[in-house]
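Engineer: Annotation source Swiss-Prot lists disulfide bond at Cys112-Cys122, Cys140-Cys149, Cys273-Cys384, Cys297-Cys343, Cys513-Cys530, Cys522-Cys539, Cys587-Cys628. Residues or ranges marked as N-linked glycosylation site in Swiss-Prot: Asn64, Asn133, Asn509. The feature topological domain 'Extracellular' is assigned by Swiss-Prot to 35-659, with sequence analysis given as support. If you look up Swiss-Prot, you'll see 681-770 marked as topological domain 'Cytoplasmic'. Feature annotation from Swiss-Prot assigns transmembrane segment to 660-680; the stated evidence is sequence analysis.
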Amino acid sequence: MPASAARPRPGPGQPTASPFPLLLLAVLSGPVSGRVPRSVPRTSLPISEADSCLTRFAVPHTYNYSVLLVDPASHTLYVGARDTIFALSLPFSGERPRRIDWMVPEAHRQNCRKKGKKEDECHNFVQILAIANASHLLTCGTFAFDPKCGVIDVSRFQQVERLESGRGKCPFEPAQRSAAVMAGGVLYAATVKNYLGTEPIITRAVGRAEDWIRTDTLPSWLNAPAFVAAVALSPAEWGDEDGDDEIYFFFTETSRAFDSYERIKVPRVARVCAGDLGGRKTLQQRWTTFLKADLLCPGPEHGRASSVLQDVAVLRPELGAGTPIFYGIFSSQWEGATISAVCAFRPQDIRTVLNGPFRELKHDCNRGLPVVDNDVPQPRPGECITNNMKLRHFGSSLSLPDRVLTFIRDHPLMDRPVFPADGHPLLVTTDTAYLRVVAHRVTSLSGKEYDVLYLGTEDGHLHRAVRIGAQLSVLEDLALFPEPQPVENMKLYHSWLLVGSRTEVTQVNTTNCGRLQSCSECILAQDPVCAWSFRLDECVAHAGEHRGLVQDIESADVSSLCPKEPGERPVVFEVPVATAAHVVLPCSPSSAWASCVWHQPSGVTALTPRRDGLEVVVTPGAMGAYACECQEGGAAHVVAAYSLVWGSQRDAPSRAHTVGAGLAGFFLGILAASLTLILIGRRQQRRRQRELLARDKVGLDLGAPPSGTTSYSQDPPSPSPEDERLPLALAKRGSGFGGFSPPFLLDPCPSPAHIRLTGAPLATCDETSI
């Protein structure tokens with residue numbers, strides 16, 4: 001890292017960190033201060049800061065606000081919750097909402113409990129809210145595991161009327177994934193038909209149930225699907241006047257083309273035509289236009305990691321401004337893998353695949369193979385009845401030959417997958433679980449259009465992302481709820497985003513540009529809605545106005561658009577340290593996309609860049625000033641500044657004094673022990689010599705003593721106080737240097753305690769060892 005010529009110094013009166021004991025490991029926390037991928041949100045707003053752009057709606061003891069329906073004509077949001085349906089004026093204004101209590105009779109609840117269901121499950125969870133016509137809504141609920149549907153007069157909004165069975169339209173419980181859409185006043189639903197949830201079905205529910213058009217029960221049609229979304233596209237959106245309305249269903253199902261112990265899941269899209277009447281003999285009351293294809297959103301493991309479809313949103317441009325586009329969230333089916341990918345799919349690419357080769361499952365090898373073109377009958381199976389087909393005397397699906405219907409019954413799956421629009425995901429993240437997505441198109445100040453996506457997470461956060469080229473850049477992470485909970489539904493209404501969850505409906509202002517306080521902040525936000533106004537000296541939602549406004553979505557070149565702002569140097573914090581301590585200096589830029597560098601004293605020799613800052617090993621050369629400088633959009637500024645100082649005046653010399661005293665004591669101890677041993681040895685030698693001289697004088701016989709003589713035997717001498725302190729025999733048996741026990745050595749680096757600082761000056765201490 002380059003050395004800095006400018007070294008910030010602590011000024012008088014500036015705060016300093018409290019000194020901490022000698023040889024402690026100081027750890028200062030801080031976020032990432034380096035270049036990161038655009039899948040990481042540029043900025044994050046905690047709940048305390050996010051509340052300014054949020055409006056909440058909740059009713060005590062009412063839960064599961066999971067079904068949202070926006071009626072732009074009446075500026076009303078309809079909310080389906082547990083046992084209740086609300087009608088709220090948009091945007092939220094604090095006005096008292098209208099409500100309908102759609103409760104389950106006690107007899108139904110008792111019957112539900114007798115079937116072994118829990119008390120909390122035996123409620124009416126609203127699953128469908130749809131606009132039936134200008135005066136009525138269609139609604140369906142689980143009704144304590146006995147689905148019911150009815151209509152609501154929106155002018156009176158008092159009760160659910162004309163109740164009828166909801167089987168085949170609505171799931172039996174909210175845990176069963178389902179999807180439904182109204183097209184031409186007709187409900188198209190994808191759900192399960194039986195109580196156990198083992199009979200999946202896609203229906204056109206109009207008239208009597210026995211007259212419905214539905215999917216066949218063959219597992220080749222639907223095999224344990226989890227439905228995600230249903231979308232209706234009209235010929236006008238295609239620019240095809242000869243076409244028919246098409247209904248697309250998105251789901252994940254278990255593949256039958258793999259021989260594996262694991263149930264391999266595959267994301268797929270299916271399409272049916274609104275004019276389908278079924279077959280005359282073969283496929284009676286069954287879809288004759290049901291075709292499905294794999295959706296490929298490659299992940300880190302070449303597609304396996306993105307095998308579960310979580311949600312799909314359709315972005316519909318204005319008529320004549322382009323064709324719709326589907327945005328899908330994909331995740332992994334394997335436990336422990338937190339992977340989310342976002343892919344875009346064009347309807348024309350789906351159409352191309354549906355017009356391509358069919359796949360045939362070979363039962364002997366469980367592998368799918370393409371059907372040869374010569375084996376495909378004419379007219380082509382699965383096609384909608386168009387004017388061109390009518391000219392060929394096929395006025396409806398009832399007039400199709402049996403060979404065509406038999407083929408489509410046995411070959412509903414296409415051989416080729418649908419690839420994403422750019423051939424790869426727009427975003428892949430391994431640390432965030434996305435559950436819901438909505439999208440809209442925004443016109444920037446330059447007139448160029450950008451797709452803005454809102455991604456709801458598993459823990460209740462909202463990520464706002466803009467599509468720039470072939471990738472998504474996540475601009476902001478917004479915490480929605482005080483307590484983490486999944487985002488269950490999202491709808492857009494003009495500049496407001498409406499979010500449904502278990503405990504509330506949250507309204508988010510998507511044009512909250514005023515919180516960006518400077519020109520550089522406004523430009524770096526890269527929000528197509530926001531622009532900096534030199535006239536007002538604030539960040540505003542431009543609304544197509546151009547006078548005195550600047551914006552740069554793709555480059556965010558602050559240096560050329562904004563006047564140079566006066567640099568505000570941060571407070572320099574003094575950090576008291578001791579020799580050999582490890583100190584981590586945090587750097588906390590406001591943007592995770594900023595590139596940061598450290599300027600440090602030229603004498604520092606041991607430093608390590610980390611995700612949370614800079615780690616420095618304290619040496620005399622490491623003393624001095626440190627500065628973290630971050631750059632984004634061509635503008636650089638110092639984010640954090642520190643000054644390493646000795647913990648106290650005695651810290652640096654006391655270390656050398658302590659080590660020197662220890663070494664001196666060590667050598668003095670060896671010298672004293674040696675002198676003591678020499679003196680003891682000489683004393684014993686002199687005593688032995690005196691004994692030998694005394695024996696010579698009395699004619700002592702060194703052999704066996706004769707009878708009548710007295711033998712003299714010497715008992716072992718009792719140990720002296722010196723021997724008790726240092727027994728010679730024990731010392732010689734020791735394993736130390738020279739046969740003696742090793743002396744006590746002063747550990748120059750005792751085990752350091754850990755001090756965790758949440759910032760500077762010292763905030764909290766957690767000492768594990770001192």
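Even glycines carry a Cβ here, placed using N, Cα and C.
From a predicted model like this one, the values you see are computed outputs, not experimental measurements.
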Engineer: Restricting to the chain of Cys522 (disulfide bond) and a gap of 6 or more, list residues whose Cβ falls under 8 Å of its Cβ, or answer none.
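Structural biologist: The answer is Cys513, Leu516, Cys530, Ala531, Trp532, Cys539.
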Engineer: Using only C-alpha positions, which one of Cys112, Cys297, Asn509, Cys587 is spatially nearest Cys149 (disulfide bond)? These are the recorded positions in the record.
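Structural biologist: That would be Cys112, the closest of Cys112, Cys297, Asn509, Cys587 to Cys149 (disulfide bond).
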Engineer: Please name which of the recorded positions listed here, Cys140, Cys343, Cys384, Asn509, is nearest in space to Cys587 (disulfide bond), Cα against Cα.
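Structural biologist: Looking at Cα distances from Cys587 (disulfide bond), the smallest one goes to Asn509.
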Engineer: Using DSSP with the three-state reduction, classify Cys539 (disulfide bond) as helix, strand or coil.
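Structural biologist: Cys539 (disulfide bond) sits in a strand per DSSP.
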Engineer: Among the glycosylation sites Asn64, Asn133, which residue has the largest number of other Cβ atoms within 10 Å of its own Cβ?
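Structural biologist: By the 10 Å Cβ neighbour count, Asn64 comes out on top.
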Engineer: Taking every protein chain shown into account, which of the disulfide-bonded residues Cys140, Cys530 has the largest tally of Cβ atoms within 10 Å of its Cβ?
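Structural biologist: Answer by Cβ density within 10 Å: Cys140.
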Engineer: In this predicted model, what is the average pLDDT of the topological domain 'Cytoplasmic' (681-770)?
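Structural biologist: The answer is 42, the mean pLDDT of the model over that range.
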Engineer: What does DSSP say about Cys297 (disulfide bond): helix, strand or coil?
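Structural biologist: Coil, per DSSP.
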Engineer: In whole Å, how far does the CA atom of Cys140 (disulfide bond) lie from that of Asn64 (N-linked glycosylation site)?
Structural biologist: 15
Engineer: By CA distance, which of the recorded positions (Cys297, Asn509, Cys628) lies nearest to Cys122 (disulfide bond)?
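Structural biologist: Its closest listed neighbour, by Cα, is Asn509.
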Engineer: Among Asn64, Cys343, Cys384, Asn509, Cys628, these being the recorded positions, pick the one whose CA is nearest to that of Cys112 (disulfide bond).
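Structural biologist: Among Asn64, Cys343, Cys384, Asn509, Cys628, Asn64.
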Engineer: About how far apart, in whole Å, are the alpha carbons (Cα) of Asn133 (N-linked glycosylation site) and Cys273 (disulfide bond)?
Structural biologist: 21
